[in-house]
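In what follows, a structure is listed as structure tokens, so that the remarks can point back to it.
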Amino acid sequence: MAKFDKSVLEKYGITGTTEVLYNPSYEVLFEEETKDGLTGFDKGQVTELGAVNVMTGIYTGRSPKDKFIVMDETSKDTVWWTSDEYKNDNKPASQEAWAAVKEIAKNELSNKKLYVIDGFCGANKDTRMAVRFIMEVAWQAHFVKNMFIRPTEEELEDFEPDFVVYNASKAKVENYKELGLNSETAVVFNVTSREQVIINTWYGGEMKKGMFSMMNYFLPLKGIASMHCSANCDKNGENTAIFFGLSGTGKTTLSTDPKRLLIGDDEHGWDDNGVFNFEGGCYAKVINLDKESEPDIYNAIRRDALLENVTVDAEGKIDFTDKSTTENTRVSYPIYHIDNIVKPVSHAPAAKQVIFLSADAFGVLPPVSILTPEQTKYYFLSGFTAKLAGTERGITEPTPTFSACFGQAFLELHPTKYAEELVKKMEKSGAKAYLVNTGWNGTGKRISIRDTRGIIDAILDGSINNAPTKKIPMFDFEVPTELPGVDPKILDPRDTYADAAEWEAKAKDLAGRFIKNFVKYEGNEAGKALVAAGPKL
Ligand SMILES: Nc1ncnc2c1ncn2[C@@H]1O[C@H](COP(=O)(O)OP(=O)(O)O)[C@@H](O)[C@H]1O
Ligand SMILES: C=C(OP(=O)(O)O)C(=O)O
């Protein structure tokens, strides 16, 4: 077992450490969590799965309004929120605010027993980031051990971090107003010193999506596409497909496919050698998880997995339908809990299929549209979808949004930079794009996972290209009229309304929203030229 000397922490300004558990084994973490009050279950339903630790009621979700980025003068120009016109969810913080939150984190973490986990973000050795996480809560160490790429013993021996994360989730920023911050909670990144500080939020997603945000800064500047998508390939390791989508739109569910090999469920890069995962684990939503329709995710809930915010009855049976703590119930597990994965490195050739998952809460978009290259750019930049309940604090019902590149909260550069890199790679591999609505239609219900899976199968086996098609007005989408295993009555969204005029009215409203949202991209010739690919009233 690699050694870790406490004096390393002193270098970070963390003093008086009483004990350090450095990259502890799962067994040790399990014991530590139990001491912290987490419950391990090994009876009832869980017997079938193996013991799993369950933590409940600790967080409510990610806090985008508390996320701040600190840049030095040389890196400032590259960040797109510096332009008012394109302002995204990430706000700039001053050097003073940075110094203050770092001080709070150092104080919180001093004189404590600490967990230090070293992991990699990025499966490619030449572009990965070596990340050191320092925290005082055992399950957070477990979470990052599940989610990041676990170094070998040898790699741990001479691990030199490129990025350090100080997780001071028990502290608060009391003087946040003075510092120009939004609340007692802060998630702050210093892109120059390569550090992240987390204060007053226990949400593990801040560490996972935090390092993703940093990859989204560094990789595109090297000409590598950095993408909020899941990815899989066929059993020969070919025919890669990527699935973009905001949280809860189906990246994990649809990429976990027994017929295919999983590359990863959430964050990927695409360079000249192909598509690669940033992570070493998956983070699945488990609300209403059903053993029959999602057997692979269900079976991944076994020893070393970490369940969050589900309720467990006296017999140890998990109630996956209970949303009393949050709708954002989750399980994190190391990727090898899924049987069909790409091994030993989560990497596959350039993608042939690019799928945009949009959960349309208005019930307007067809369940699948075959996009032209110009529509691909327009709909990628628009990123129309819904924020689904739970993942973000304050979101309690599906809320329509335009989230550029299907991941606006995680972008640091201008959206056109991500579009540029994606399109370059797609043109080289001859990839085609599809817009898949995993949200609602005129029935008022969410499109079934069964129908969506049928659609994905038809995209992946190419049968969608032989299907008869028609055009949908206003959007000019080409949609298939029949696909094997998919209810033909849903393929044209107008057929799901009692009266097609109802669709028409909603479609007009949505088209208007697209047009309004896209104005921000029309400041140059390239953006103006894309308007023709968008909806028309
Ligand atoms: N048609 C559908 N396609 C995909 N997921 C669906 C669909 N209908 C309902 N769901 C549910 O939506 C959630 C999708 O979550 P997940 O796959 O974890 O999303 P992501 O990985 O994009 O955050 C799951 O709880 C899944 O059961
Ligand atoms: C973990 C998150 O999302 P996803 O469901 O995309 O993994 C998040 O947005 O905090």
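Using N, Cα and C of the backbone, Cβ positions are placed for all residues, glycine too.
Unlike curated records, TrEMBL annotations are generated automatically.
The candidate list ARG62, ARG494, ARG513 contains one residue that TrEMBL assigns to the substrate site with TYR203, LYS209, ARG330, namely ARG62. Residues LYS209, HIS228 are recorded by TrEMBL as Mn(2+) binders, and the candidate that the same record lists for that site, out of ASP257, ASP265, ASP266, is ASP266. Non-local neighbourhood of ARG330 (substrate binding site): TYR283, ALA284, LYS285, VAL286, LEU307, GLU308, ASN309, each in the same chain, at least six residues away, with C-beta under 8 Å from its C-beta. A Cβ distance below 6 Å to any atom of ligand 1 is met, among the binding-site residues LYS209, HIS228, SER247, LYS251, THR253, ILE447, by SER247, LYS251, THR253, ILE447. Highlighted here are the binding-site residues (ARG62, TYR203, GLY245, THR253, ARG330) whose C-beta falls below 6 Å from ligand 2: ARG62, in sequence order. Annotation for HIS228 (Mn(2+) binding site): same-chain Cβ neighbours under 8 Å, separated by at least 6 residues, are PHE212, PHE244, GLY245, LEU246, ASP266, GLU267, CYS405, PHE406, GLY407, PHE410.
The two recorded residues SER247 (ATP binding site) and ARG62 (substrate binding site) have their Cα atoms spaced 11 Å from each other.
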